[in-house]
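> Please read through the structure below; I'll follow up with questions.
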Amino acid sequence: MKSLLLLSILAALAVAALSYESHESMESYEISPFINRRHANTFMSPQQRWRAKAQERIRERTKPPYEFNREACDDHKLCERYAMIYGYNAAYNRYFRQLRGGK
């Protein structure tokens, strides 16, 4: 009988603790954190979008050499595995430097 009483008290405390809802959890219902689909692109003006696209094109054309090395290594499975352990620079030197006439 004592164990049944103790068990029911523990169950009541567990239900009370798990069903308690704080005011902090209600804050997410007050303001929607997401933008409506219709208005998703309106926060950026067309001029800003054009400028961002132009900068992206420039970045694609003027990549640093290590980025080209990394892309070459990513296409080769063995080089990619070696890079996960020793780094992309060491992996590129091991697999591609001799093919390109390096040291």
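Every residue gets a Cβ built from N, Cα and C, even glycine.
Relevant sequence annotations retrieved from TrEMBL are reproduced here:
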{"type": "SIGNAL", "residues": "1-19", "note": "signal peptide"}
{"type": "DOMAIN", "residues": "51-97", "note": "domain 'Gla'"}
{"type": "MOD_RES", "residues": "GLU67", "note": "4-carboxyglutamate"}
{"type": "BINDING", "residues": "GLU67, GLU71", "note": "Ca(2+) binding site"}
{"type": "MOD_RES", "residues": "GLU71", "note": "4-carboxyglutamate"}
{"type": "DISULFID", "residues": "CYS73-CYS79", "note": "disulfide bond"}
> Give me the CA-CA distance between CYS79 (disulfide bond) and GLU71 (Ca(2+) binding site), in Å, as a whole number.
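Cα of CYS79 (disulfide bond) to Cα of GLU71 (Ca(2+) binding site) measures 11 Å after rounding.
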> Suppose we draw a 10 Å sphere around the Cβ of CYS79 (disulfide bond). How many other Cβ atoms does it contain, all chains included?
19
> With every protein chain in view, what's the tally of Cβ atoms within 10 Å of the Cβ of GLU71 (Ca(2+) binding site), excluding that atom itself?
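The Cβ of GLU71 (Ca(2+) binding site) has 11 Cβ neighbours within 10 Å.
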> For the domain 'Gla' (51-97), would you mind checking the mean pLDDT of the predicted model?
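Average per-residue pLDDT within the domain 'Gla' (51-97): 88.
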> CB neighbours of CYS73 (disulfide bond) within 10 A?
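A count of 24.
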> Using C-alpha atoms only, work out the spacing between CYS73 (disulfide bond) and GLU67 (4-carboxyglutamate) and round it to an integer in Å.
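A Cα-Cα distance of 10 Å.
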